[in-house]
Amino acid sequence: MAETLYDLPPLADSSAARFDEQAWQDLLADAAAQVRQREDEHRLPRELLTRVLDLGLGRARVPVAQGGLGWSLRTTIERLIELAAADSHLAHVFRGHLVLLEEVALFAEPAVREEWFARAVAGDFIGNAQSEQTATLEVTTTLRRDGERYLLSGTKYYTTGSIYADWIDLVATTEDGEIALVTVSTDQVGVVCEDDWDGFGQQLTGTGTTRFVDAEVELRDVRGSERSTAQGQLRQGLFQLVLLAVLAGIGQASVDAAVTYVKGRRRLFGRFGETEVREDPLVQDTVGSAASGAFAARTLVTAVAETWDRLIEDHRLGLATEEDFREGKRDVFRIQGEVVDRVLALTTEIFEVGGASQVTARHGFDRFWRHARTVASHNPARQRRRLIGAHALGVEASAEQFGDVSPAASSPSPSPVSSPTP
């Protein structure tokens, strides 16, 4: 057997002894009970995020020996789906956090890795700020050396989670014209996050504008570009996998809401007399179809997460190649369209269980489709399908088409951004 390079969370884990399941279930119940009112009032769920971090989701992938939960990626994704079913905003904001910690766990120098593990264990939260509104692929945010530090200046858009964050992960252009991966502390006047995201879904994710004006960056918090490397494949694949976990959770939430609605109804359109709606075969078929779609979405996402667990284990043993990571990314792309289609379909299908009263604002069934559509719009599923088809047919896709030329994360916007959306 190859020599183990370093300790990472195992492929299979037993987390029960290290995780307060009852507190987690209480948190999910509270989040689900509050989410409608929070959306109506546009109240950011800061205290709920603190509870999530206190329970350990932010250190889920940190090894037990370093103070983490030591979960597999599959377990982490399963918990993220549960969180998304309760409040899709809370799950969505973990996207940058989980990806950065995975990246440094696999590819950073030991000292850097240990420092980030310590930050996660201390409860620090990481946001994501990659996209820029430009008409080219140029990254206009700049990083310049200033003695024993760097200074960061520029504007990023669709910076999901950054408004909650202690650290923000982003890309910037160095004085040499190279692209660098940068992590900057938000505890300084040179970093300003604005809650100006005006999308019709996922309004509480803080997906707004973040401005950097000579923000100080420590030398150790600048990493080299990951273009067309195993590191890049990991970032692009896991950025998308987290979004699919959020979608799977939204799908489950919509089914749960439909079931609750049906169980409380005793009138049915087109039939005489009073009867329980849940006894109607057409309603049963609709709920069964939606529940099956939600189950399929969850199964696809967790299965690919388990595939990534095996890939990460191979990397830990020094066996995985860049092409292995690229294939792992393709696995995420392969399920993307399937998950998107199923969740968007079922968030529409659930309207068939009721009549006009179901579309009243007090029930809020529209929010599931709005949130799902917003998350699905982050990246073009049809383009991903085309790329998978081209690969299967042996047609070579350019690096730009597969998103290999930039580490930038995606943005749910039709506006031009500085880089492709992984």
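Heads up, the Cβ atoms here are built off N, Cα and C, so glycines get one too.
Residues or ranges marked as compositional bias 'Pro residues' in TrEMBL: 413-422.
Mapped onto DSSP helix, strand and coil, the domain 'Acyl-CoA dehydrogenase/oxidase N-terminal' (31-124) counts 71 helix, 0 strand, 23 coil. For 31-124, the entry in TrEMBL reads domain 'Acyl-CoA dehydrogenase/oxidase N-terminal'.
Taken from TrEMBL, the feature domain 'Acyl-CoA oxidase/dehydrogenase middle' covers 136-214.
Positions annotated as domain 'Acyl-CoA dehydrogenase C-terminal' by TrEMBL: 244-379. Here the domain 'Acyl-CoA dehydrogenase C-terminal' (244-379) returns a mean pLDDT of 91 for the predicted model.
Residues annotated as region 'Disordered' in TrEMBL: 399-422.
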Problem - Helix, strand and coil residues within the domain 'Acyl-CoA dehydrogenase C-terminal' (244-379) as assigned by DSSP - result: 106 helix, 0 strand, 30 coil
